[in-house]
Every structure is written in structure tokens, then in C-alpha cells.
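S.K.: Starting off with a structure, shown below.
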Amino acid sequence: MNTFQKNESKETLFSPVSIEEVPRRPPSPPKKPSTKICGSNYPLSIAFIVVNEFCERFSYYGMKAVLTLYFLYFLHWNEDTSTSIYHAFSSLCYFTPILGAAIADSWLGKFKVLSLVGLSLIALGTGGIKPCVAAFGGDQFEETHAEERSRYFSVFYLAINAGSLISTFITPMLRGDVQCFGEDCYALAFGVPGLLMVIALVVFAMGSKMYNKPPPEGNIVAQVLKCIWFALSNRFKNRSGDIPKRQHWLDWAAEKYPKQLIMDVKALTRILFLYIPLPMFWALLDQQGSRWTLQATRMNRNLGFFVLQPDQMQVLNPLLVLIFIPLFDLVIYRLVSKCGIHFSSLRKMAVGMILACLAFAVAAAVEIKINEMAPAQPGSQEVFLQVLNLADDEMKVTMLGNENNSLLIESIKSFQKTPHYSKLYLKTKSQDFHFHLKYHNLSVYTEHSVQEQNWYSLFIRKDGNSISSMMVKDTESKTTNGMTAVRFVNTLHKDVNISLSTDISLSVGEDYGVSAYRIVQRGEYPAVHCRTEDENFSLNLGLLEFGAAYLFVITNSTNQGLQAWKIEDIPANKMSIAWQLPQYALVTAAEVMFSVTGLEFSYSQAPSSMKSVLQAAWLLTVAAGNIIVLVVAQFSGLVQWAEFILFSCLLLVVCLLFSIMGYNYVPVKTEDMQDPADKQIPHIQGNMINLETKKTKL
């Protein structure tokens, strides 16, 4: 018997029922007392959620850290294709949260999305995890523990950055420092993050019985879209001048949808309008894993006390995030406030955009300096040629053109190291050159054919009582993508098998056989094991540096025995990778001011019913930013430094537009998001019923 219903007053005010009511949230089951952590007010279930998030972020960022170099080195795609596929994958990962939020709100609920969908596939799984896991953790707290819930989000963000920090440091080491089948061990680099995903699933499932699992609230995304569509279509149908105008275009949905929903959608659209310029910021920020990693491959990664992998530089971002967040909150923002400057959220975001512009300007300057130190590339109807004298005395070489004019005259000593390649100009795409070789009293004429935009080595050797030459085409492009490459010339009269490591070996044919280039690890090679059919010996190759390509000529000297003559075909990377530190510091400061502040601003301005939609829309701007990078990488055709300048200038223009939009934006207070008339009706929030009535007699 319900006495409350019996004595209900007829004077109670109710709001009118619309034609189409918003689906009501199913009643929540009684909340059972949750187990706390060590006598605190923190639910024990939070521990499982935080550990799950750490493992999931370790898996995602660890796999993503090595992805670009996997495309470049293992699949042998070019830099533009590697960049495009990397950002296509990132875009998909940030687009799927729209689907994840819709499924979680309308069908499965946050818990089932995490365990059944979110941990199944990486791209689709991250869409299930991102819009759910943070809010699901917040659902574990009781309303009376708001302070603990606020601290939980700090711990949650710490778990994200800790997983990212550790994975971006360890996974590149698993790739580069471990050899699998003679190459970098990508199987291990991808396998460990996969194992962490399994651990994440197990840990999350272990806490299943402890979780507070609110039922689905209905598909708020669909409700918003239907409300907007009805308002637009209703406005179009009633476009006659005789019909009175309404204050806002969404007011045309009043015939079908509740006033509170319309007010919530109004607040949502105001924020989404500010989201329009945001993708350009993410287009710059997410290039740390693609273009900036590729830039690092062309730099010297030896710091003296430690040798970095190119994809390990990404560890600076989560590390600096952990440093900058308390620095900005406790020091910088307070100093600005004491100076009497009102540093609003939108102003912080605009400053973040400017810092990102500066970061890419610095990246462009670094790229220009790298190009200045790199060897020049042959252009159209050009070739580069080096002449190597493997005879036992000086040789005079004259190269003749088609009209017997001398194009190159050099006197080369025995085993003389040429300081550089000589540039030759062709009349067509391919051309024959005639060489006059003079050695003591011997004079020989020979002919070799070359093709444009290639590098060649002309080997001259004594052949009994005569001399001969052979033209060898070097690498297609004189770059090793930051790797160390070696090749061998065997002057012995028997084949030589060379073991560069436990997984890398090659065989060089007898009598001036030339091997192809092989990629090896950077480091010292004091005793490389070699074997012929009748003896074993060792060669000292010395230090092999990053980005260099070396030629080793195996000779047998009467005085010194078997040894390797070392020539540097491609000079090593000279610019230190430490020069990337300023651009990482600037872009991380930009992220702290833009991303953290942007989420805080969005949540403060959005109605509670629209927060999941808003979070998915925020992630959708990240997806759009990655698509921008994909398009520019595929179709711009710009050199890398010019592409960096392009992105910097585009974001500067977008920052100006965003500043104008933010200047005209009027922030709303939380109490203003609710219609006064709707405050009289029952509001159900979680398991609490708040009745606000007038003259109600009980």
C-alpha cells in the first residue's frame, strides 16, 4: 500500500507531455555496498579499471610507436605511403568511438562494450573503450564521494600516460635490439602489446562482480540527430512569411520533443560549432608518430650514454605531459592569474595552437639542417660516379664524351679513398661513356653505360698483365633511411662467406665479386668471422654509424695478410637527435593547454545528458585531423620541410578563426542549461529521485 500515491495533491504541477517522449531510463537495481580500498572511500573495482586502462594503453601506444617503421623497413613502403596508412589507422581508431558511444548508451551498456567489443580488435576496440572506460570508472563512486571521484580521474589520466610512457620506450627496444630472422623483431614488438591486451581483458573480467553497472540510458546520439532533423524539416515546411518566427531554429522541434531535450541540443550545437577548427590542431599533434619519427631516422641517435631508436623519441610526449600538467596548473596558470590576466579556457586553447605552430616551425628548421648535411641527389639527366683503384699502383683515368672530349681526368693512387662522388651530366636518360685507363706502360680503352639519377662505382683492377674495369650500380637512392648498410668486394680467388651476426650472413663471389647492400645494427664490429673453402679468418670493420653505407674491399696483402679496406659510400648522420627536443617540448605544452583544457571546457558547458555525445565528437575531431594528414601526404608533393611549414601556417590561420569564434562565445552556467518549467517535474539521476513540487499536500 502506497500512502504517498493516495495523498497526492491535485495542485501538483506537471509539464505537458510531448507527442514523442524521450525513452525513459530503465530503473536501476538497488546499489549494493561496494568494497573499499584499505578503508578509504575508493571502490575496489576502481583498481581493476585503472590496471585495465594501463594495459590497454600500453598495447595501443606500443603497437602504434613502431607502426611507421614497420611500414617503411619491413613492408618497404615509401615514406608518404607509410605516413598515409599510419594516419588512416589513427583516424579509424578515433572515428569508432561514435559507434562505441551509441552501442554503449542504447544496447549493451559500458561494461559489456569494454569486455566484449572493446578488447576484440584494436581499431574497433579502441572505439569501444575510449568513450566508456572513464565514465564507467566514475559510475563506481557514490554521490557522496565526489572528491574521491575527482581524484580518480587524475589517477586514470596517470595510468594512460604511464602505459604510453613505458610502451613507447620498451616496444622500440624490442623491435630494434632483438633480431628475428636476421631483421628487426617486429613479431615481438607487436606480440608484447597483444599480450598486454589479453592481460587487460583478464584483469577487467576479474572485477566483474564488483562493478556498479548502470543500465543503458537510450541512444542519446539518435535522439539528438532526430531532434535536429525534425527541427530542420519542420522549419522548411513552415517557411511561409505568415508563420511567426521562433527565437532559435531548434525551437521548431517543440511540437515533437521535450523542451529540456531541445535546450540540451542547443547547448551541444554551440559547443560543436567551436569544434569545427579543432581537427587542424590534431593534424599537427599526431605527426609525432609518423613524420617526426621518419625525421629521427635521418639523425644521429647516439647520445653518448645511451643509443636511442628513432621511434623511442615519442616517449618524450607522455613524459613531458606528466611534468607539464602540474607545472602549468600549480605554477604557470597561477602566475598568470596573479598578473591580473583572465586566462580563460578558450584563450588557453588558442595559445596551445600557437605553440603547435612554433613546434612545426622548429621541426622545419631541423629538417632543413638535416638536408644540408645529407648527400646531394642526382637530378634529371645526372649521375654520380666514384672511381676506385684496386690495383697495386697509381692509375690515370680519363672519361671521354661522345665527341672524344675529356669529361673527367683523375690520377688515383692505389686504394685511395675518394672524398666525394663526381657529378656527370647526360644528354639523354641513358648514355655510354668511354674510359681511358693508363697504368705504367699499359693503356686500355673501355666503355660503360649509365642511366640518369643513379649512383655508380667504377672498380679498376690489375688483371694479370693487363688492367680491366667494372661498373657497379649503387643503391637506387643514396639513402639508407637511417639504417646502417654494408657491402663487400672480394679480390680473393675463392668465395668468401661472411657472418655479420648470428642471423645475418652473406657470400661474396671470387675474383672481384660484389655483394648487395645488407642492413646491420649500428655498433663496433672488431672481429667479423669469415670463411673460405680452406681457412677461417676475421675482419675488423670498425665502428658502423647510423645512416651510413660502407664498402669493404677484402684484400690479401703480403705484409698485413687478409684485411678489409673501408670506404664510406654514404656519410653517417651528423645531426644529433637531441635537436628534436625543442619541438617535442613545444608540442607537448600545446597538448596540455589545448587538449586538457578543451575537455574541461566542453564538460563544463555541456548538459549532463550530452556528455557522452560530446566526448565522441571530441574524438571525432582527432579522426578528422588524421584524415587531413593523409590527404596532404598523398597529394601535396612537397618536400618535408615545406610540408611542415604548410601545416604551421594552416594552423595559424585556424587559430585566428578560432579566436574570433571564441571571442563571440558566451559561456553558460550549469543552472542555465535547465528550463525553469522543467525544474518542476521529477528528475531521475542515477538511483536518486528529486521531486520539486508546488503546494503539494502529503
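Glycine residues also receive a Cβ, built from the backbone N, Cα and C atoms like all the rest.
From TrEMBL, here are the annotated features:
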TRANSMEM  58-78  transmembrane segment
TRANSMEM  84-104  transmembrane segment
TRANSMEM  116-136  transmembrane segment
TRANSMEM  156-174  transmembrane segment
TRANSMEM  186-206  transmembrane segment
TRANSMEM  315-336  transmembrane segment
TRANSMEM  348-366  transmembrane segment
TRANSMEM  616-638  transmembrane segment
TRANSMEM  644-666  transmembrane segment
S.K.: Can you tell me which of 58-78, 156-174, 348-366, 616-638 gets the most C-beta pairs within less than 8 Å of the transmembrane segment (315-336)?
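M.R.: Comparing 58-78, 156-174, 348-366, 616-638: 156-174 has the most Cβ pairs near the transmembrane segment (315-336).
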S.K.: Under 8 angstroms, Cβ to Cβ: which one of 58-78, 156-174, 186-206, 348-366, 616-638 has the largest number of such pairs with the transmembrane segment (644-666)?
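M.R.: By the under-8 Å Cβ criterion, the transmembrane segment (644-666) pairs most with 348-366.
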S.K.: For the transmembrane segment (186-206), could you work out the same-chain residues 6 or more beyond its ends whose Cβ comes under 8 Å from its Cβ atoms?
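M.R.: Those are 48-49, 51-52, 55-56, 58-60, 62-63, 66, 70, 74, 114-115, 119, 122, 167, 170-172, 174-175, 178, 180, in sequence order.
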S.K.: With pairs 6 or more apart in sequence, are the transmembrane segment (156-174) and the transmembrane segment (58-78) linked by at least 3 Cβ pairs under 8 Å?
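M.R.: Yes, the transmembrane segment (156-174) contacts the transmembrane segment (58-78).
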S.K.: Where else in the chain does the transmembrane segment (348-366) make close Cβ contacts, counting only residues six or more beyond its ends and a cut-off under 8 Å?
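M.R.: Hits for the transmembrane segment (348-366): 281, 284-285, 291-292, 295, 575, 579-580, 582-584, 586-587, 589-595, 597-598, 601, 641-642, 644-645, 647-649, 651-652, 654-655, 658-659, 662.
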